[in-house]
Amino acid sequence: MAAVISAAGLARTFQTKSGPVEAVRCIDLTVREGEILGFLGPNGAGKTTTLRMLTTLLKPTGGAATVAGYDLATDPGGVRRVSGYVAQSGGVDPQITVREELVTQGRMYRLSKAEAVVRAAELARELDLTELLDRKTAALSGGQRRRLDIAMALTHRPKVLFLDEPTTGLDPGSRADLWDLVRRLRDEHGTTVFLTTHYLDEADALADRLVVVDRGVVAAEGTPSALKLAHGGSIDATLQDTFLAITGRGPAPADAAPVAV
Amino acid sequence: MLLHDTALVYGRYLRQSLRSRFALLFGVLTPLLYLLFFGPLLTDLPLGEQGSSWQVLVPGLLLQLGLFGALFAGFTIIMENAQGVVERMRVTPVSRLALLLGRVLRDATVFVFQAVLLVLAAVVMGLRAPLAGILIGFAFVALLTLSLASLSYALGMKVRTPQEFGPLINAVSMPSMLLSGLMLPMALAPTWLDVLSHFVPFRYLVDAVRDAYVGQYTSAHMLYGVLVAVGFAGLAVTVGTRVFRTAGA
């Protein structure tokens, strides 16, 4: 299948008072159309920075990438038109109603006022927000808030949806609902989903393929079972052990000599 | 597209202002207190300027309103950054210039509205000035708030925390107010202070508005005031837009 995201040597160095910090050193990756990609890594590995580069929020300091054929550096406008992004913090004003946020978002994607109103109603139906349209976003539960964030990101029917830790802070029921929603998006609309997560069960259950980053580079990639086999020692290994083995922070192998007796 | 986007952003933030009517009126309180409790002290003093003391004081208070109000506009962008609202807008194709212009035009609207209230109160207190001059005064308030709010948003995007933002703004606003002769005209100042005040851009604005309030629309003060106000606005909007385009770096 065709690649919808491809990145080569993507890098970002931040200049700070205490010298340069290489948040992302070299990311090469390919995401195929209609794929759900799990982007994993320890805290500070460069997940969010990578996501912010792929969504045009942050200019890379090295490398190149295309999203749905649009080049990040030369056509950020094109990238914006084909991708949706939900940040960790979401992005709604607590004092504004769900309806107003959805309509404004439609208008930001250059829909006419009438089209934006229709689209807001459609999105509300699709994401089960219809009853909540006239509530202020501050009055939504965590799960409802997440559905609204995603609805906003889907306004323009993006080819690619970027989700940064979408289920952090949600209760188990809301998480399961969100997983269903992500699968439905892919199955019904063919949307490619690029999601970061710390929950390995989430990655296991949801992602077709995983990319593990560590210290700003891709440490491993493959289907969950391939990674378990290659790094966890067996296809029955837990993703937890596999992840720890890849990022080098796992328990020592059983046959290793003890450090001290 | 720019117009469409600016109108959209403007509408969103104007509705936000209208929702907090209390804050809308509260902004005018400080200059109003000066007008009520400081203004009467000046009525019989020789101020070294033409016209009544009100024609000298009110232009200063108008720019004070703009100076203190608009410089603090950036506080709201710090909150919006924390909520993720700014980034959510920046991933859409919406124009970067519009993200700034919509906000600062809202601020200009709010401050001109407050300026109107202030002038109405001043008229009750005894201000008499030509209508054209008063309207020119509002235009200067609009330009000044547009500029200062742009810079304030730019700063708010950079510093990211209210703890850093507040002291920085205070460090700018107090000297600016004192050195531009907002309260009392610099005509009263010793030479060194008068010279120093010419390095503060607001000095030219307040001189121009004072001229407008006594009906002198073609003076050198007016020319310099217009040039400084327009030049400053151009610079400030350029800086602000640049920050909205590249923020996060």
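Including glycine, each Cβ sits where the backbone N, Cα and C put it.
Among the features that TrEMBL reports, transmembrane segment is placed at B:22-42 (among others). For the transmembrane segment (B:22-42), same-chain residues at least 6 beyond its ends with a Cβ under 8 Å from one of its own Cβ atoms are 53-54, 56-58, 61-62, 64-65, 68-69, 110-111, 113-114, 117-118, 121-122, 125, 183-184.
Residues or ranges marked as domain 'ABC transmembrane type-2' by TrEMBL: B:22-247.
Panel annotation: around the transmembrane segment (B:54-79), residues 27-28, 30-31, 34-35, 38-39, 42-43, 47, 86, 103-104, 107, 110-111, 114-115, 118-119, 122, 125-129, 137-138, 140-141, 144-149, 151-157, 159-162, 165-166, 169, 172-173, 176-177, 180-185, 202, 205-206, 209-210, 212-214 of the same chain, lying at least six beyond its termini, place a Cβ under 8 Å from a Cβ of the stretch. The feature transmembrane segment is assigned by TrEMBL to B:54-79 (among others).
For the transmembrane segment (B:100-125), the residues of the chain that approach it from at least six positions outside its boundaries are 2, 5-14, 16-17, 24-25, 27-28, 31-32, 35-36, 39-40, 54, 58, 61-62, 65-66, 69-70, 73, 77, 134, 137-138, 141-143, 145-146, 149-150, 153, 237, 240-241, 244, judged by C-beta separation under 8 angstroms. According to TrEMBL, the transmembrane segment annotation covers B:100-125 (among others).
Residues or ranges marked as transmembrane segment by TrEMBL: B:131-156 (among others).
Under the heading transmembrane segment, TrEMBL lists B:168-193 (among others).
Outside the transmembrane segment (B:222-244) by six or more residues, the chain places 90, 96-97, 99-101, 104, 140, 143-144, 146-148, 150-151, 153-154, 157-158, 201, 204-205, 207-209, 211-212, 216 with a CB less than 8 A from a CB of the stretch. Among the features that TrEMBL reports, transmembrane segment is placed at B:222-244 (among others).
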